[in-house]
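If you check Swiss-Prot, you get these features:
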- HIS370: active site, proton acceptor (ACT_SITE)
- 11-14, LYS25, GLN83, 88-89, 110-112, GLY147, GLU161, ASN176, ASN234, ARG340, LYS358, TYR373, ASN384: UDP-N-acetyl-alpha-D-glucosamine binding site (BINDING)
- ASP112, ASN234: Mg(2+) binding site (BINDING)
- ALA387, ASN393, TYR394, SER412, ALA430, ARG447: acetyl-CoA binding site (BINDING)
- 1-236: region 'Pyrophosphorylase' (REGION)
- 237-257: region 'Linker' (REGION)
- 258-469: region 'N-acetyltransferase' (REGION)
Amino acid sequence: MLNIKLNIVILAAGKSTRMNSDIPKVLHLLAGKPILQYVIDTAIKLKAKCKSTNIYIVYGYKGELLQQKLAHKQKTFLHWIKQVEQSGTGHAVQQVLPFLGKDEEVLILYGDVPLISFQTLIHLLTTRSKQGLSLLTANLTNPDGYGRILYKEQEVVGIIEHQEANAQQKLISEINTGILAVSSNELKIWITKLTNNNSMNEFYLTDIIALAWQEGKKIHTIHPEKISEINGINDCAQLANLERLYQKEQAESLLRIGVIIADPNRFDLRGELKHGDNIFFDTNVLIEGQVSLGNQVTIGTGCIIKNTVIGDNVIIKPYSIIEEAHLANGSIVGPFAHLRPGSKIEENAYVGNFVEIKKSTLGKKSKVAHLSYIGDANIGKDVNIGAGTITCNYDGANKHQTIIGDNVFIGSDSQLIAPLTIGDGATIGAGTTVTSNVTSNEVIISRIRQFPIINWQRPKKKIRYNIIY
């Protein structure tokens, strides 16, 4: 626990010009989550580690949309402050000054730098001296576009923005990430001394570094553990590159703890994955939302799994889509199966090729092997659903339930017209349309009687001859 009063300022007022999109840059998705949400989540983690914390988001372009998309999740944590005119980072921070108390810590973050880690920020806060500031910097092989760190006798004396730097300064490889920790008392003084006497006519927050040095304040620098932590997003190419980098990092983290991934370059995790032992992911698997896997789970190529709980010894065959479902131990799904929200597959049940299940329970050891639609149904144990069976659950206005008992056999190409109850041990003949309840152990057949025609001959096509002269 840090015994400090912390103010986290997240700058998110940019117009996102280079994204060429009507959507604010910080609302674009990285691994399925808005870019800004990553920074907010990290800020909330810090909140739990400090004596008290306020989180301020400085917004501008389409700020109402930002609040609509994000604020509902953390209403009590976030304070939204509008920057009416975008006049640089110093001007953005100035909007927060009236809300800062005396002798408090201020941490500056950026809404378009999503992967900054909790550990790095804790390090940044703990290294700041009482009479100075801490600055997050990094050494890059290609520092183009970044402000450069200026030293004099091994002490940081300032930051020069790329567009203001001379040829010699542009050779400096240590760059400013923009992320810093500073005292509220000193920040208030230094912000008022900023000028916009530069090529962009903006108030640069980075100019407070030179002001701090001139006053003899100690300026600490630390580096992030990974360069990806400080990667900013300004255009679609940078977003795509960071997506691939982040996905590979997640895959490598899973590999290190024993999860087998056939190809880390073709694995996507857009959410949170909890898992047991002996997990195998084939290529091009997508995990979304909150997914939990038991032990001995195999997921075939091309599968999409979203907000689902999967038990032990489960096999998901290729190209299956599973969302908001529950799969019990020993179940098998696919290939080409679709489990929609509310599907519950019980122990050792089987869902096969081109089967769609929605808001239904498939009991223990029951099978729906081929080409079927099961919707709003409760199916018992040891049931066999033949190929092409459909639960007709919708009457054009309302959905109705189908209840099937234990040990029921449903023949192929049957239609079950809900609302409907089929008792234990019943048998439904192939091609039957069931319109009323079936009692236990009853056999139901409703199809046209077969009539044989003796000595019938199939019509033959006439042979046409083309004469070529």
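Just so it is clear, glycine is given a Cβ too, placed from its N, Cα and C backbone atoms.
Since this is a predicted model, take the numbers as computed values, not measurements.
In this structure, ASN234 (Mg(2+) binding site) belongs to neither helix nor strand by DSSP; it is coil. Comparing CA positions across the binding-site residues ASN234, ALA387, ASN393, SER412, the one lying closest to GLY111 (UDP-N-acetyl-alpha-D-glucosamine binding site) turns out to be ASN234. In space, ASN393 is the closest of the binding-site residues ASP112, ALA387, ASN393, ALA430, ARG447 to ARG340 (UDP-N-acetyl-alpha-D-glucosamine binding site), judged by Cα positions. Taking the region 'Pyrophosphorylase' (1-236) as a whole, pLDDT averages 91 in the prediction. Each of the binding-site residues GLY14, GLY88, GLY111 was ranked by the number of other C-beta atoms within 10 Å, and first place falls to GLY111. Note: the CA-CA distance between SER412 (acetyl-CoA binding site) and the residue listed as 'active site, proton acceptor' rounds to 9 Å. Listed in sequence order, the binding-site residues from ASP112, ASN234, ALA387, ASN393, TYR394 having a Cα within 10 Å of the Cα of LEU11 (UDP-N-acetyl-alpha-D-glucosamine binding site) are ASP112.
Listed binding-site residues near HIS370 (active site, proton acceptor): ALA387 (candidates ASP112, ASN234, ASN384, ALA387, ARG447; Cα-Cα distance within 10 Å). Following the DSSP three-state reduction, the secondary structure of GLY14 (UDP-N-acetyl-alpha-D-glucosamine binding site) is coil.
In sequence order, ALA369, HIS370, LEU371, SER372, SER412, ASP413 are the residues near ALA387 (acetyl-CoA binding site), counting only same-chain partners six or more apart with C-beta under 8 A.
Here the candidates are the binding-site residues GLY14, GLY88, GLU161, ASN393, ALA430. The one whose C-alpha lies nearest to that of ASP112 (Mg(2+) binding site) is GLY14.
Burial estimate for the binding-site residues (ASN234, ASN384, ASN393, SER412): highest at ASN393, by number of other CB atoms within 10 Å. Our reading of the acetyl-CoA binding annotation (ALA387, ASN393, TYR394, SER412, ALA430, ARG447) yields a largest Cα to Cα distance of 23 angstrom.
Put simply, of the binding-site residues GLY88, GLU161, ASN234, the one whose Cα is nearest the Cα of ALA430 (acetyl-CoA binding site) is ASN234.
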